[in-house]
Structure formats: structure tokens, C-alpha cells
């Protein structure tokens, strides 16, 4: 990608700013004695007096909640009524994804909703916005709130963990719907989404206060843009939570097809029963305010994806299934469904800013994206080819449903698929819950009743939606067409052009317009096709 000199100056200015801030931080470490706490207090007050609109506008919790969703903080488990989160974020795959420009005072998303009444009111918290008096703890909170030492390998693992999710289960189904030539769409989306991921970096480097995807929307289109971007991102997370419920119901019912329950005249077959049981099982995890432990477990998402892929290849190449189907070259009638499925595979742009700003060497971000997209695309393509070759036109929306039940590799793949969403469900739904909790009036905001009510309502609603539309592949296609296209192909170029404006070269303008056009066309066609298929299935 060719950039003008003015574009590159954005990187230079940002890096210089980072070095200057690091130098100032080093000075504070050298001279930071208890006698200097008053100076730290004055500096903090000066910073707060000039608070950026990006840090005070809704959703203030986005940064930290997505950090938890996309990375692995230190384990410190607590329920809504009594939880606190250590700011020292150790990680299985990365350090805490925290913006290097992040202000000292961050919105509290892991703070207990119900304060300890016995705690002294003047006690300074690492999350407090206005400390009552200077103290040495202020210096501690400053040091503990910023971390950007993620290595190249750690950043790549985070990128793969974000990109390679349940979408990999449906790539064989996508080939079935679109034919072999439809795989071209997968590779095309990979290239376009990689490029738009780079555009987000330019937007982040345009101003030190621009830290998250909603901040980018704010910088590009004002508060309206911020709200629009946030709502789209939260809708996608909510829809992913619905997919987890459907996924659990489908896979558990395939292992226990005779399970059923009749209560008061209501009969629940196996998929609905397991969807209900899954919701009841994950509900307590949704009530957790600090999801660090779940983050550690869900960090195995990369391992789980690799394990499931290996099981598929083992069943196909070593066990008795083998390659039986030549498949269809092109299926134009249902190709739009595969467009949404392939689009869903690259839904990670909401977390890319966090990964970028956590890196010790941000200049390596392009290589991180390239490695992450390359690894995931190879995995997607490999699973798509192997799965469709094995099962042909009988390929289900999740290839795990096609695996022979009597094989050990099949059982490993199924149970891995079943266990993984139990940890990811709460991490996926919590950002949505936290954003809604921000809307609670301050005099009610500390009551855990409202938080539990919001989170329970969200969880129950995902169950109801999953029961009403229990079509995993079609729902995924709808998400990929309607929401993911907006997040990955339409909004990044639009924000890039709006923020950088005169600094953008004519070539970049042309490329951005082309990408937005492709995204818009795919979104309209894919959304219409997915909705039509869903309505058709509901009426049969």
C-alpha cells in the first residue's frame, strides 16, 4: 500500500509522541517519591480538566470490555456484589490490551456495582476519577494503568484468536452453498479486510485520544458516528451470543438425540432442551463482573480451533470417511448465502485497535495483520475443501454434525466445540451489558439488582431468539452480510477518508470507494438472501 509523505508523518508524529510520553514516564519513575505526590495530583487534575470527549462519551466501557473479550488479563474472580480487578494484566497470549495513550483515569468496568459501605469514602481507588486528596497510590495507579509490551508473536496469537472462531465450522457449508468457485470470495474478503484493518491504524494514529473503534467513528462523523459504530458492534456481539446458543443446541442434540422434556403441556425436543440448559448453565457466568478467569480459559480458542481442524483431517484421511464428493463448481442460486458466511470469518476489526495499541512495536502491526489473516485464511480454506470433499451436498451448517459419532476423533471435535462457547458466551455478551449499564442513572448505577437484571434479560433474550430462529448457518450468513460487512468493509474506508481527508492520495480514495462499493453490494445481496431463506424455513 502506497502512502504519501503526509500520511507517513502520522506515524512519525505518533511514534515521537510515544517516545516523549515514555521519557516523561521514566522521569516519573526516577523521581517518583512520596514527596512528589502533590505534583502527580496536580498533573492528574490538569489532565481531567481537559478530558477528551472520546473518553467521556458513551460507551465509556468499550475499551476495557473489549480488552477482556480479546485478550487475557490477570485472574481475579468476583461476582457483581464483590469484585475488583488487578490492574497488573498478565496474559497467556498477551499483556493487557491497553492503549499507550490511555489516560490515567479509566472508566471502571471491573469495579463492584455495590460499593463496600465500610470502606472509607476518602480511600483512593485506582479507578477513581477525582481523588479526594493526593496520595502515593495515585502514582501506583498511573503505572498500573498502562501496558504496551505485547510482542509480535503474542499479537499474532491474539489476532488469530479473534478471527478464527465458530465461523470455521461453517466454511464447508459455505462451499456447498456457493460451489468451489465461491472460495474466491473467501480469499478476496481476506485481502480486502486486511487492507481495511490497516486503514484503522491510520485512523488511530491521527490523534492520541482516538483509542477504539467507536473513537474512530467519533473522530470521523462526530457523536452520531460514535453511537452508530457502537450500536453496530454491540449488535454483532449480541448476535454472536445467539449463535453460541444455537451451536450448543445443535451439537449436544447430535450426541444425545433422544433427549426431551415435557413440562405442563410444553414439549422440548433435544435442540430446544439443550439450548435452554446451556442458557441456564452460562447465566451465572454472565453475572460475573470480572471475567479474567474465563478469559484465560477462552484463550484456548486458538488451540480449540486447531484441534477441531486436526480432528476433521484425521477423520477424512486416517479413519474410514475419506474423500467421496467432487462437489459443484458454482451454485449461483445460493451463492449470496456463502457471501455472508465468508464475510463472518473475518469479523475482528472491533478488536484490532486494542491489539495495535498493546504492541511494544506498533510498526509491526502490518506484519501482525498479515500473519493473522494468512493463518486464518489457510485454516478456513483447508477446512472448507476437506469438509465439502468429505460430505458433499449433505454438508451441514457445522461440519461437526457430519462427523461419524463412533469415532474417537469425532467425539473430541464435538466436545471441544461444545465446551468452548461456555467460556466465550459471557465474554461476548458482557460488553453489551456494560454499555447498557452505563445508561442507568447514577443514583441506581451502584445497585447490583439492575446489573443482574440487565444481564439476565440479555441472556434470556438470546435464548428466545435462538429458539425462534434455530438456523445456525443462515443466522451466521445474516450476521456476516448485514453487520460484518459494515464493520469490516464499509466503515473503515469511510472513517479513513473522513479523518485524513486532504492527506489521502487519489489512489487511496479510489481503493476505498471500491471497497465500500463491494461491501455495500455484498451486504444488500447477502442480507436479502439470508432473510429470504430464514423466512422460507420458518414457513415450512
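A Cβ is built for glycine as well, from the same backbone N, Cα and C atoms used for every other residue.
What Swiss-Prot records for 1-11 is compositional bias 'Polar residues'. Look at Swiss-Prot and you will find 1-55 tagged as region 'Disordered'. Look at Swiss-Prot and you will find 155-175, 180-200, 227-247, 273-293, 297-317, 332-352, 367-387, 412-432, 452-474, 478-500, 511-531 tagged as transmembrane segment.
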With Cβ-Cβ distances below 8 Å as the criterion, list the same-chain residues six or more beyond the ends of the transmembrane segment (155-175) that contact it, or say none.
70-71, 93-94, 97, 182-183, 186, 240, 243-244, 247, 299, 301-302, 305, 308-309, 327, 337-338, 341-342, 344-348, 351-352, 355, 358-359, 364-365, 368-369, 371-373, 375-376, 379-381, 383-388, 390-391, 395-400, 417, 421, 424, 472-473, 476, 480
Going along the chain, which residues at least six beyond the ends of the transmembrane segment (511-531) come within the CB cut-off of under 8 Å?
192, 195-196, 199, 334, 336-337, 339-340, 343, 474-475, 477-478, 480-482, 485-486, 488-490, 493-494, 496-497, 504
Ranked first among 227-247, 273-293, 332-352, 412-432, 452-474 for CB pairs under 8 angstroms with the transmembrane segment (180-200):
332-352
Cβ pairs under 8 Å between the transmembrane segment (452-474) and the transmembrane segment (227-247), at least three:
yes
State, in range form, which of 227-247, 412-432, 478-500 has the highest count of Cβ pairs under 8 Å to the transmembrane segment (332-352).
478-500
